[in-house]
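A.B. asks: One structure follows; several queries about it will come next.
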């Protein structure tokens, strides 16, 4: 294998993994993308099996499940605190979108950041991390089995990547924002390139349909 190929191979593998995760979602019956993930995200028909129950703990160590957020719209994102790029970018997008919604509409949203790295993301670590972006964002962790169950319910891809040079491991993962309605049903998906303006517009559209 040439040196150039060795250098670019990790990037190629990441792209292929994300493409596979996207196909896993976009291959669902009735799934139709709207633009690049824009104003209404990727909207699915009622009854599509994404989302469901989970049993996790929040950054205060309190056990939580979707029932704790019934009556509010859940904005769910899976990532991890050691993520170097996409996770902080997405959390900032969520925080900015909440500001753009305005206080009244934002109060209807429960923004949840579910870690895929429970080994390092303890409740105190999550509390410090999400607090850097917006105090309204709720960090959730749990046992590896509980995280796996939640990820499976939301069709989230993730995998531990351990560098051969002994540096800290990273987590390869899909990157979608899930908007769940007050009954816990999937309302819309937003892709990795969604901007804060697009996310806020998509949420407003769904909130308007619920009136």
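First residue shown is number 1, and so on along the chain.
Note: Cβ is positioned from N, Cα and C throughout, glycine not excepted.
Where the annotation comes from TrEMBL, it is an automatic prediction and has not been curated.
Among the features that TrEMBL reports, domain 'Thioredoxin' is placed at 38-208. What TrEMBL records for 83-87 is disulfide bond. Annotation comment: TrEMBL describes 83, 87, 173 as Cu cation binding site.
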A.B. asks: Write out, in the order they occur in the sequence, the residues of the chain not among 83, 87, 173 that have a C-beta within 8 Å of the mean position of the C-beta atoms of the recorded Cu cation site.
C.D. replies: 78, 79, 80, 85, 86, 90, 116, 171, 175
A.B. asks: Round to a whole number and give the Cα-to-Cα distance in Å for the pair residue 173 (Cu cation binding site) and residue 83 (disulfide bond).
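C.D. replies: Residue 173 (Cu cation binding site) to residue 83 (disulfide bond), Cα-Cα distance: 10 Å.
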A.B. asks: Which secondary structure state does DSSP assign to residue 173 (Cu cation binding site), in the simple three-class scheme?
C.D. replies: strand
A.B. asks: Which residues of the same chain, at least 6 positions away in sequence, have a Cβ lying under 8 Å from the Cβ of residue 87 (disulfide bond)?
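C.D. replies: Set apart from residue 87 (disulfide bond) by at least 6 residues yet with Cβ under 8 Å, we have 77, 79, 80, 81, 175.
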A.B. asks: Given the model, what does the mean pLDDT over the domain 'Thioredoxin' (38-208) come out as?
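C.D. replies: Per the prediction, mean pLDDT sits at 93 for the domain 'Thioredoxin' (38-208).
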A.B. asks: Give the number of CB atoms, excluding that of residue 173 (Cu cation binding site) itself, located within 10 Å of its CB.
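C.D. replies: Counting Cβ neighbours of residue 173 (Cu cation binding site) within 10 Å gives 24.
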A.B. asks: Including all protein chains displayed, how many Cβ atoms other than that of residue 83 (disulfide bond) lie within 10 Å of its Cβ?
C.D. replies: 20
